Structure formats: C-alpha cells, structure tokens
Amino acid sequence: MLYDIFIDPFVQMVEMPDFFLQVLWEGFVAGILYALIALGFVLIFKASGVFNFAQGIMVVFAGLTLVGLHENGVPAFLALILTIGVMGVLAYGIERVVMRPLVNQPDIILLMATIGLTYFLIGFGEFVFGGEPKRMIAEELGLPTGSTAFEMGERGLVILQHIDIAAAVIAIIMVTALGIFFNKTRIGRALRAVADDHQAALSVGISLNQIWAIVWFAAGLVALATGIMWGARSDVSFALEIVAFKALPVLILGGFTSIPGAIIGGLIIGFGEKIGEIYWGGLVGGGIESWLAYIIALIFLLFRPQGLFGEKIIERV
Amino acid sequence: AAEDGNYVPLLTYRTGPYAGSGIHIANGMNDYLQMLNERDGGIGGVKIVIEECETGYNAQKGVECYEATKGKNAVVYNPYSTGITLQLIPKAAVDKIPVLSMGYGLSAAADGNTFPWVFNVPDTYWDGASVAIKYIGEQEGGLENLKGKKIGYIFLDAGYGREPIPLFEQMAEKFGFELVKYAVPGKEMQNQSSQWLNVRRDRPDYMIMWGWGAMSPTAIKEAVKIRYPMDKFIGVWWSAGDDDAAAGGEGAKGYKAMNFSGVGSDYPAIQDIKKLVVDAGKSQTDPESIGSTLYNRGVLNSVIIAEGIRAAQQLTGKKVITGEDMRAGLETLDLTNERLAELGLTGFAHPMKVTCEDHAGSHPVFIQQWDGEKWAVASGWIEPMKDLVRPLLEAAAKDYAEKNAPWPKRTEACPN
Amino acid sequence: MFYREAGQFKTSYEADQSLFPIRQDRIGLAVILLVAFIVIPLTANDFFLTSIMIPFLVFSLAAIGLNVLTGFAGQLSLGSGAFMGVGAYAAYKLTSIFPDVNVIFLVLVSGVFSAGVGAIFGLPSLRIKGLYLAVTTLAAQFFLEWCFIRIPWLYNYNASGAIEIPKREMFGVTISGAEATPIARYFVVLVITVLIAGLIANVMRGRIGRSWMMIRDMDIAAELMGIRPLQTKLLAFAVSSYICGVAGAMMVFFWLNAAEPSSYSITLSFQILFMVILGGLGSIAGSFMGAAFIWILPVFLKFVPGAIGIEIGAETVEHLTFMIVGALIIFFLIVEPHGFARLWQIGKQKLRVWPFPY
Amino acid sequence: MNAIISNNELPQDDFAVEREDLLRVDNVSLSFGGVKAITNISFDIKKGEIRAIIGPNGAGKTSMLNVINGFYHPQEGTITWQGKVRRKMKPYEAASQGIARTFQNVALFKGMTTLDNIMSGRSLKMRKNFFLQMAWIGPARTEEIEHRKKVEEIIDFLEIEAIRKTPVGRLPYGLQKRVELGRALAMEPDLLLLDEPMAGMNLEEKEDMSRFILDVNQEFGTTIALIEHDMGVVMDLSDRVVVLDYGKKIADGAPGDVQASQAVIDAYLGVSH
Amino acid sequence: MTKPNDAQTVDAGAETILSVNNIEVIYDHVILVLKGVSLTIPKGGIVALLGANGAGKTTTLKAVSNLLRAERGEVTKGKILFDGDEVQSLSPNELVRRGCIQVMEGRHCFGHLSIEENLLTGAYTRKDGAAAVRADLEMVYNYFPRLRERRQSQAGYTSGGEQQMCAIGRALMSRPKMILLDEPSMGLAPQLVEEIFEIVKQLNDNEGVSFLLAEQNTNVALRYATYGYIMESGRIVLDGDAKALRENEDVKEFYLGVGGEGRKSFKNVKHYKRRKRWLA
Ligand SMILES: Nc1ncnc2c1ncn2[C@@H]1O[C@H](COP(=O)(O)OP(=O)(O)OP(=O)(O)O)[C@@H](O)[C@H]1O
Ligand SMILES: Nc1ncnc2c1ncn2[C@@H]1O[C@H](COP(=O)(O)OP(=O)(O)OP(=O)(O)O)[C@@H](O)[C@H]1O
Ligand SMILES: [Mg+2]
Ligand SMILES: [Mg+2]
C-alpha cells in the first residue's frame, strides 16, 4: 500500500518518460482550457465584483450561435464576425436589463441575477438552436486539425494535437492582451474601482454602464474563444455548461481578480489533476478528478486565503 | 382525454445534457405511434393519445411527469433514464401501470416473478455485457483465447455504467482475462483525457464502453486521439448513436457497437413514418435522422408498446385498455418474424417473446460498425450467455426484494 | 387600514418578543396552518400532494437549513446538496441496520451524521471567507458525491447503485415506500418541517441566532465583542447540515422513494441556494417563499399550457419555463434585491399606511 | 503648568497615586510591513478615569486601541491588565476579560435592529445552550427577558426608544454611533474604548453624548479610553490625555497641560483654541 | 410649488450654479425623507447645509448628484437645475463631466487601490491629458502631504483621516466647478479641519469653485460659508447669510454652543431631553 502511494508512481514516471511527458502535455492543455473559462469569470469579477454564473452558458451560447449560423449557410468567417456582434448585443442587453438596475447591491444578489440570466440563456439557447449537440466548425475556421507524434526511445510516443496547440496559443494571446488592457489603461483602474465600491465609483464619474458593457463584451469574446476550443474537443452542446464548474477551483486558486492568476491557477489544476488521476487515482478506483481540483485549491487557500494572486481581503476596524 | 383512446405518456428529454441522445429516441417513439394513428387510425380501432413530458433526464422531473400523467389512465411508462426507472419500479405495482424499460433500467427486473410490473425486453445490461465478451471471443477465435487478454471497460460513473461490472468480473475470472475499469464521472463526460491516457498506458486489447449523452462522442474522439484501434472498441447499444460515431470524424471508422434494432430506413413501416408523419410536417424530426440507430431504437420501443396494447386488447376484448390490461398484454408479447413482416419491419429486430418468468428474454444482439459515414451490420445475431446471466438476474431480484422487504409477492395471474 | 398595529400594546417583554408580536400576523399564521393541516389534505389530489406540496416542504426545510448557514451566519455554501445526501444515505443505512426502529426517528437521527460531516467541512471557514469559502463547500459537494458512488456499503451493494426505500409503518399507517399514500407522507413531511422551522425560529431570536448574525454582519466586530468565531461558525455549519440532512432524508423517504447519487448533485445545491437568495437571506418565511417560487412555479408553468388546452411541444414548454423563470428571477431581484421576505415586509408597511401613502 | 515630559518617566501626580492601574502598556511597537504605526509607546490607564488619546490623523490611535483589545498583536512590548502581564490573546478573550469598544467607522451589525444590536452586547453574559434556546419556553426565555430588561435600561438611558425596532443600516450616522455606544455598554465592561464617538455630530448631539459618557463613567464606574478630535470635548471630559504623533508619544498629562504644550500645538492643534 | 419660486429660478439662472426646487425624496418607495427642499447656490458661493442627524443633508446631496438610485431612493417631486440645465435624469458620470462632484460621507475610498490610484480615478472623466493630471496630483499632494507619504499604501489600510483626505483629494482631481462636500471635517484632526476649509476657501477664491457643504461642525462651516441653510426632518427651517445665522440666537444656542454666557463646558451639560424645535 505504502509502496503504491509513495514509490510506484514515481517509478512509473521514470520508466515511461514518454507517457509522463504525454501526461504533462495533457495537463497543460487541460489547464489552458480551464484557464480560458476562468478568464471569462475573472473579467467580470474584476470589473464589478460580480461572480458571473452565466459564463458557462455564455460559452455554450457563443459556440452554438457560431455553429448555428454556419449551418444556415453563413460562411465560417462571416459567422464568426456575426457571432461577435451577437455577443456585443448580448453584453449591451445584460448591462441594460440586469446590471444597471442592480447597481450597488450586495455581491450575492448580483450573483443571483446572473443565475437568472443563466436560466434565461439556457431556455433561449435551446429554443433557438435545439438541444442537439453540434459539431464545432474548427476546420472551416482554419484551425489546425490532426496531430503530430514525436518518437521517443524505442516504442515511446508523445502525441500533440494541433488543435490543442492552437488553444494554448490563443489562450496566451488573450491573456496577454487582456492583461495589458486592464492593467495599463485608465479603464483598468476604473474597473478595479468599480469592483470595490459601486457608489463611490459613480460619485467620481465613472460610467458603470459603459464599463459593464465593455467587460461583458470582453467576457463574451472570451466565451466565444472558449466555446470554439472546447467545442472542438468534444461537441458544442449544453452539456458543456457543466465543464464551467471546473473554472471554479481555478478561479479560486488563482484569485478572483487576477488575469495571470487564471492561467497559473489553470495550469496548477490541470497538471495536478492529470498527474493525480493517472498516478494515484487508480488506488481509490479512479474518477477522483471530480474533486481533486477542489482539494488542491483548498490546500492552497489554507495558506493564502485570497488565492495565489488575489487581492488581499482587507480586515481593519 | 383518454376515454376515447389509449393514453401513452412519453417521458422524454429534448433538453439538458443528455438531449443529444434523447431527441432521437423521442422522435422515433413519437413518430411511430403517430404513424399508426395516421395510417391505421390507431390500434384496434382506437387512437393512441400521445403526450410527451419533458424530464431533462432528471429524476425529480421524471417523477413529476409521472404523477402528473398517471391519473389520465396511462397504460405504460417508458422512463428513458435509469434514475427515473428506479423511482417508478416500486410505484408501478401500487398504481398498476407497467414500466417498460427497453434495454435499460434495472436488470434484475427481468425476473417477472419478483417484478411483474416491469419489462425490459429485449435485453438487460448483463445480456449486453455477455454479448460483448462473446463477440470478442469470436474475434479471437474462441472464448478460451481470452486468457491473458486485457479488456478495458470505460463507463459512465453512475448506476447505469456500474451495473455490468459484477458480470464482467465474473467472466474475467471464468475466461481468464484481465478487466481494467475506467470510470468517467458524470461531470467529466466531456473531459476524458485522463481516462484515455490511462488506456494508453494500460494498452488493453479491447475496449468496451457504457456511455450515454455527451460521454460517447467525447470518448470516441479521445480514442481517435490516442490512436486506439477503433475496431477493437465496442460500445453498448446506447453508445451506438450516429452522432456519437460521427464526432470522431475520419478516425472513428471501424468503431463498433452492439445493437438490437434495425439499421437504416429501408423498412416499409419507416417509409410510412417518413411519408405520413415527417414529410407531412407532423413531427419535429429532422428527415436526415430517420433511420439512425437511436431513432430506430425509439421506433422499436413504440413497436413494443403498440404490440402490447394490441395483445391487451385481444386478451380483454376492450378497446380502451388500462395499465393492468397492458401489463397482461406485455406479458404475452410475442413478436415473431411473421408479425414483424406484417408490421413492415422485416428484419428490424430479432423476434422477441416475453414470458411471465422472464421479462427481458435475453434476445440476441448484433454488432454494427461505423464506416465513416453510417453504420453497417458487422455480425450475425449473437445470443447472450443465458447460463451466466440468468442466475445473476435471479440473485439480484432476490436481493432487491430482501433489501426492500416487505416486497410484495407476485399476485398477478400469468395470462398464458 | 386592515393592517394596523395601532391599538395593540405590549405590556411585557415576553409579549414583545413573541415570534409574531402583531395580531394580524398571528391570524395569518393560524390561517396558513389551518390550510396546511386541514384544507389541503381534504381537497388536494395526489398530484398536488406528491409533486407540489411534498417537494415544496422538503425544499423549504432544506432552504431553511442553508439559510441558517448562508443567510444568518453569512457563510456561503454550495454543498447543501451533498449534505442532504449524507442525511439520505445515513437514514437509509440506519433503516437497514435497525429495521424495527421508527423511520421518522431514524430520519431525525440521520441529520446528526450530516451535522458531523458539515462541521468537518466547516473547519476551513475560520481562515477562508466569502466566495473563497465556496471552494470548501464545493470540495465537500464533489467529494461526498463521489463517496456516494464509490462506497457501495452506503447503498448496500445494490447493483443499481441507488438507494430504494423500503416500506415502513407507524401506528399501522404506511408512511414510506411506494405504498405509502401521499396523504400520509404529506403529514409526516409537514409535521417535521413545521416543527423544525419553529425550533429554528426560536434559536434565531435568542443568543445563538444573534451570534450568527453578528458574524455575518461584521465578523471582526463580533469577535471584539466576545464571539468565538470558530465555535460559532462550526455550530452554524452543524445546525445547517443537520437540517439539510433531515431534508435530504425526507426527500428520498417521503418523496422520491429512490435516489441515485446524482439526485444530490451540485444542481440540487444551487437550487437550494436560489431558493434562499430569492426568498430572502436571513428569513425563515422567505425560505418557504423561495422554495415555492423555484419549485412550484416551473411545475405550474409546465402544466399550464396543457391544462388550458394550448398545444405546444413538451420541450418548448420547458424552454419557455426556463426563460420565464430566469426573467422572473431578474425581475424580482430588481424589484426587491432582498428577496420575497423583504418584499412582503414592504408590502405590509405600505398596507399599514394605506390609504394615505407616506 | 509644569512642562510636559515626553518620555516614559512621568511624575506621579496626585490623581495617579490614588488609583491603581487597570491597564498598562509598556514599550509597545507595532508595524505593518514598512509602516510603523506605533513606536515604543508606554502609558497607563487608571481605574475609573477617563483617559483621552489624541493625535493627528494616522498617528496610531486606532491601532493602539486595536492592540489593547487584541486585534493587533504588537511586535514588541507588554500589556498589563489588572496587574497581570497579558499573553498574546484573541480579541474575544479580551472581550471576556471586560474590554469593550466602539469603532471609528461604525461597525454595527447592519442586518439587525437596534434592539438586537444592543442585545448582542450581552452575548457573553448569556449561557443557555442551544437546545434550551430551541425550546424557548422556560430557562432560555427567562434569561432572554432578564437581559432584555438590562438592554431596555440602556435604551432608555441613551434615549433611543423610538428606534428600537429599526434596522440600524437605515439610521443616520449620529444615531448609529449612539447605538454602538449602547452595544458596548451592554457588555458592562471594565474598560470602555471609544474611537471618535462624536465624529459627525452636531453640538447638541455632542452634548448628549458627553453626558452619556460622563454618566457611564460616574454611575457605573467604568473606565474609559477616548479618542476624539474635538478638543472641547477632550478638555472637558478627560482626566488625563496622551498625545501621539507619527506613532510616538509626544505628551501625556492633564488636559490643560497638554493643551498648552508647544509640541502638541505644532503637531496637532494648529492654531490654539 | 408656488409661482414666486418659479420666477426666482428663472431670473436667478444667470448667477446660480445649482438650484434645488422643492424636491421630495422617497426611499424604498415608502420612506419619505425630504419633504420639499429648496436651495440655491450662487456661482462661486460656499453654502453650508446644517442640521441634526437624520435631517436629510446627505439625502439632499445625493439627490443632487444623482446617487440616490443606487440606494433605492428617488426624487419624486421638484426640479434640480445645475448650470441652468435640468439634471435629474442625467447619470452621475455625466454630472461629473459637467463639473459637479460629490465627496461622499463616510469616505468611500476604493480599499484595494493605492492612495495614488484612488486619486487618479478622480481624473477619470478628464480628457486634458496626462500632464495636467499629474500636475493636479502634485497639487493634491501639496494640500495633503500625508497622502504623499502613503501614496503606495492600499487605501483600505490607511487611517480614517487619511481616507478622508483621500476622498477629498480624489474629488479635486476632477477639476470640478462645484463640489458637494458631505461632512468633510468628520474624523479629522482640528488642525486639518482648518486646513481643509482653507483649501475650500482657496479653491473658491482662486478657481471659482462653488461648494455645498453638509456639515455638523457648524462653527467652522459658518465661518467659511457665505450662506447657510438649516434643515430639520427633511425640511429647510431657516436660511440666511452666514453672518446673520451666526448672530441668530437659536443657532447660537443649539448649533454653536454659545449661549448668553459664552461656551459652556461639556462637563456641565444637563441631562435633559429634547430641546426646543423649530418644528413641533
Ligand atoms: N437607504 C435608505 N433607506 C431608508 N431610509 C434611509 C436611507 N438612507 C437614509 N435614510 C433615512 O433618511 C433620513 C435622512 O438621512 P440622511 O442620511 O440624509 O441624514 P443626514 O442629515 O445626512 O444625517 P447625518 O448627519 O447623520 O449624516 C434618516 O432618517 C434616515 O433614516
Ligand atoms: N492593518 C494595517 N495595515 C497597514 N497599515 C496600517 C494598518 N492599520 C493601520 N495602519 C497604518 O498605521 C497608521 C496608524 O493608523 P491608525 O488607524 O491607528 O491612525 P489613527 O491615529 O486612528 O488616525 P485617525 O485619526 O485618522 O483615525 C496609519 O498610517 C495606517 O495607515
Ligand atoms: Mg483612527
Ligand atoms: Mg449625512
């Protein structure tokens, strides 16, 4: 038993380095994909202190819109542009109908409002697109398919899916772009101000309406990217919404307000989860992935209650 | 609503995470019954009153649908979810409405003596599991050659996927192969890379899958990704959807699955459906999906319902029957080749017969293979290993009755 | 006009501290209880009892449980579904170990197990706060759910992996299992829910309830006034989980009859959370209102079109239901962010000044 | 009239000799990262006195109170409470030893009514357990009513009868401060720490508040440490004053003396009052 | 509303920067807080709004700056004119852009932002370039040297007074024409109180900024203000030139604490219940 826990896994890692590398790669890809979802959450949290429960469904919604348009004969790239437009309209609508009347309310109320939004989008999305899963038009969008295998040793093989590489590249570009946008611009500072105190932000002349429309739109774009990437992995269906839960530990681990935190958190969870499941999961019957991420996050939190890069929780009287 | 017809509530799901599979089933069930209404004016001269109730594959909503519809003289329930089936089993005897769980649900319910109100023709999961192993044995040139082989089992980590495990384990011992299990948690359906990494490491000779909803297409994609030989990958009949296989693209070519309902749309009855129902705009079915595996599965389900009603009408001489009549009818169900031919469904299914003792019947199953675009039959009818399955079934039924003591004794007379 | 407290004078602190100091409120409560205990049983059909009233009461109780933790003690929890599951599995095991003991007693005892589990998962709350605390409760949720699947002992090694409720009687009346009549089950659920709601209302107006609210409103100040944060939070976790556990056990024993692990999934946790927030954080009456909204409204919407003879597909109804419920959630939050309970209060206040506004 | 001596060796005046120390702070230093909030401060609070702590903004006054009731833990120095050196303790332990306070930024329990807020001050004095509370009838109720009587006295005393049932979040600032005082009083503390109790009040209200503070001090014999920026109030109410500036003590003594000190005028008062 | 009131606003438009006409404010749809309040602030004036706790000063200021909505309050009657335009329907940020900014009671700094970032958010609506903003930042630091020392600290951890300075400094950063100051002196050391009012005076003299001050510290407020209004229970009960108010016997007694025989000691205040009120 002790051997199984403390020695065997490491022996395996050394004996089958190709496989270990593959595990690391899968962990990396999973981490990147989680990070993409988490990024959407971070944007909105950073800008309003709202935990946007609807991010998961926005991912589905964006993916379905894209595929749905294509199915109706719109060329792939035009469909992409139209989808971006739809996300813009959605952002404006959310700002107008949900956020604006609820300014200055406690976080939990805003969270609840995004849950209402989730319900609405589920119903609306299924109403428009039906509940059937749809195939992502990855190829049509020019995303690479296929895979490359690297030989290692005699029978070793590390297989890299091109789509995964594309996902990683896109994620890194988005994170950098958003990071710069939010940290280096006037709007970035305003965002953080809004998250701290809506009323005070209003009083210094920050237009919450404008800020919210911008971030919801940005979150919509992230959702679209996420939808494309996740959709290419499995299918675009409402079941994808469940995957969004995976963003929670990532988010919490990285800290709700940090864009790099989303990536680092994603990677920690991705690596931890894959390695844990593959090398230790078998000991308890497998499937530990469903909670391992939370336990990893929990352990980190016990040392840093605000997450790795989160803003310190201010305690003062 | 039901005074002038036989009321058949259909618990379906066209929404939620399992909608991808559920929609086709729902369409198939609905269309066949409608076709009977259109073509024959129903069954035995009375119309079938069809009502769908959306469950979203959620047990609570399923029960709610049941409660809302049972009072309208429902004749039979098809829950299409193991979870809902389990809730309905004890209620069936009390409310006197049979439950037809075709090829799913509680395997033990095949024991008609313990579960007079539950039917799971044509097969239980244990039948399926035994067929899978038998087929692999055939591929290897005999069951004795299974010795030393490694067979992987990837399953949805829920009652559904776990049920076949005892039989697999028993067979592993008996035939000397090694069973490796890969559980896919429901929440991780679309995120199976760990499981498939493990498959890659363990290199099983064959893979068997018990998947549903979004799990199946994802698994097939992942299998393609790790370059698993697809012709050694066999799914249960619920992982046999066209969309499931299509998701894997080119690479999915060669994937196999068990099936017990016909492939394709060349059957006269199905052509009738197309003409009278779908083309007439009376259904939501996408014409292209007619003849797909899950659609046909839905059709077969309705065939059994219809035949059950007909049998009940003959048995009782009534036109509008009750749940109790239906139960008796189902127990005399005998779907012969001749009858299938009459129905315009020659070769659509293996003949099936229900007896009072055996509500499943362990009917033969065939294997189909994906050719990159559609399914093609890849084997003859394979008999389940009844000798293994039946004792297990009976033991399970006994166990169920004990655990749920006091479980009522069968009081229903055997109609034949 | 009708809702006036003028003229009602309280002469003792006892009277002032009673749960319903205003006479109209007392009358209202009496009417509600009368309806619940007499009118409904006399008039309702099976569907109403089984699909509306029983689930509504079970969910109300669960919402009260979560409200204790989130609404009163301010600790966000997304694990109530799993704690309900602990109660359900514990009760199931207890009935199979002690087949002769009264099942209601066992259901009430089962809550003790979830209280224990809840308290364990409450430990990190000393350090982790707010949304971050969600991670602990989520860990509880997913870990426990996994246990329900992976520990076959919990479901007596059933092949189906589910728990099924055996038939049990009390005073010669079958109260659990499929044969139990909806009326019998309704009464059991009603009595337990009303009882626990009453007891918790008592706790809330005393020292312990106050200490929870102190932690919620300003934990630092509470600590500076002598409240021990860990003890207080753990007690809240335990009490909340106890109630959720009992609700979970009732859910399978008196409503569903059988349950799979997925019955206690995160979806359930969220459902309960919605009820609490929409009903009003920190209000027991609100828990009932929230449960009514989240449970009864969709059922109602689902069967309305059929009842009034409109032909639309079952799934369209479902889609519309989702959209309407979603829109209503947002609508009500905009009208009154503090939930139905506050809406009700404001309504009363308006009534008080009626017909002269302000 | 004597010069203010700004180190720790204060001449013992009559007032100090008569009474014993309730609390002593010796050489306490506290810093946050680079910020030194308190540097090597010593002073004492005698039983029964009103001790004012004044100083410019950011001088470390609030931090001092936080140290006294255990919310901050100083890096150096000792605190002696009723003659015994106190170990590092949690705020709730300090509270149970009899230290109560009000806060600079009102820290009421926003979701509760005035009555409940003040009742919450009695938490430490109430004992009945969970199960008794559940039953309500019987001991728990008797206890509750007993304490309610005390609380009503306080409400009466502070003249806030009218807002008894109002949720405190809706009260104007000044009343919130008063409720907060009530809450602290309900703890029946030995030492009451008041952090700017009169900020944001007009004259009339300040007069009322002064009256309350004096009454508490005289009628209940409660020792009070008071931070306040209104010099009129400080001069009139306090027995002794300690002055902080940039975390250091710059003066300590009788109000009149302190007010006359040039160091205090430069650092704090500006134009003389 | 009466005719003269209307007439007044029309012809006063020229030199009035802000006029509040007979407004009513209701919170939560049921709590009537302001019962017809009218104020006029001349361009370049410093007007003090005095009154006891809960009189409605804060509410009046929020009504002007349109922050009531965020508190579920609304103006149900009356008109507010800023710089000649009706502003009730404008968003708060539009008001700031037009030059009317509020310093909220109770500080409301952005706790997670550093002091400097807090100040910079004040310049959010400005479009006149980074250099000008930097210059103003310098100006604020010169007014409040303490802030310069703490510029990198998170505002949430600074002392109460530091936060107050930060809030005022932040408002100055928007280069307003008019500032609504809600209890600026609260929690500030006496020296600083004087300084703040000196700053107010300077801004008023040099840049022509107008002020509406809600203050409890009547003494200082009336020294610096040109005009004063006294509120009670949601109504204006007295108004007049600051000088006249300072001389008013009632004001002297209840707000300035100088009865007939000079300042009385807080120690000797009698414990008596409510005193005379202008309104019963
Ligand atoms: N959000 C709110 N909801 C309900 N009532 C409120 C709200 N805000 C203020 N009030 C009420 O409005 C009245 C006026 O409050 P306001 O804050 O304007 O007074 P103020 O004159 O600024 O007092 P202070 O000097 O204490 O700041 C008070 O009675 C208060 O209870
Ligand atoms: N938790 C903390 N972290 C960092 N710095 C702190 C913390 N607490 C206080 N400080 C700093 O210590 C110094 C003293 O703060 P304190 O609150 O004690 O001042 P104060 O004397 O009460 O001032 P005021 O009269 O303005 O309230 C301030 O500069 C403040 O920024
Ligand atoms: Mg301070
Ligand atoms: Mg105010």
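Note: Cβ is positioned from N, Cα and C throughout, glycine not excepted.
Of the given residue ranges C:162-181, C:262-281, TrEMBL assigns the label transmembrane segment to C:262-281. Of the candidate ranges C:104-123, C:130-151, C:183-204, C:288-308, C:288-308 contributes the most Cβ pairs within a distance under 8 Å of the transmembrane segment (C:320-341).
As a quick check, the transmembrane segment (C:130-151) and the transmembrane segment (C:234-256) miss the bar of 3 or more Cβ pairs under 8 A, pairs 6 or more apart, so the two do not touch. Taking residue pairs at least 6 apart in sequence, the transmembrane segment (C:27-44) and the transmembrane segment (C:104-123) share fewer than three C-beta contacts under 8 angstroms. Most Cβ pairs within less than 8 Å of the transmembrane segment (C:183-204), among stretches C:50-69, C:234-256, C:262-281, C:288-308, belong to C:50-69. Residues 40, 44, 75, 77, 80, 83-84, 182, 185-186, 189-190, 192-193, 196-197, 200, 212, 236-237, 239-248, 250-251, 254-255, 271-273, 275-276, 279, 281-284, 286-288, 290-292, 294-296, 299 of the same chain lie 6+ residues outside the transmembrane segment (C:50-69) yet bring a C-beta within less than 8 angstroms of a C-beta in it.
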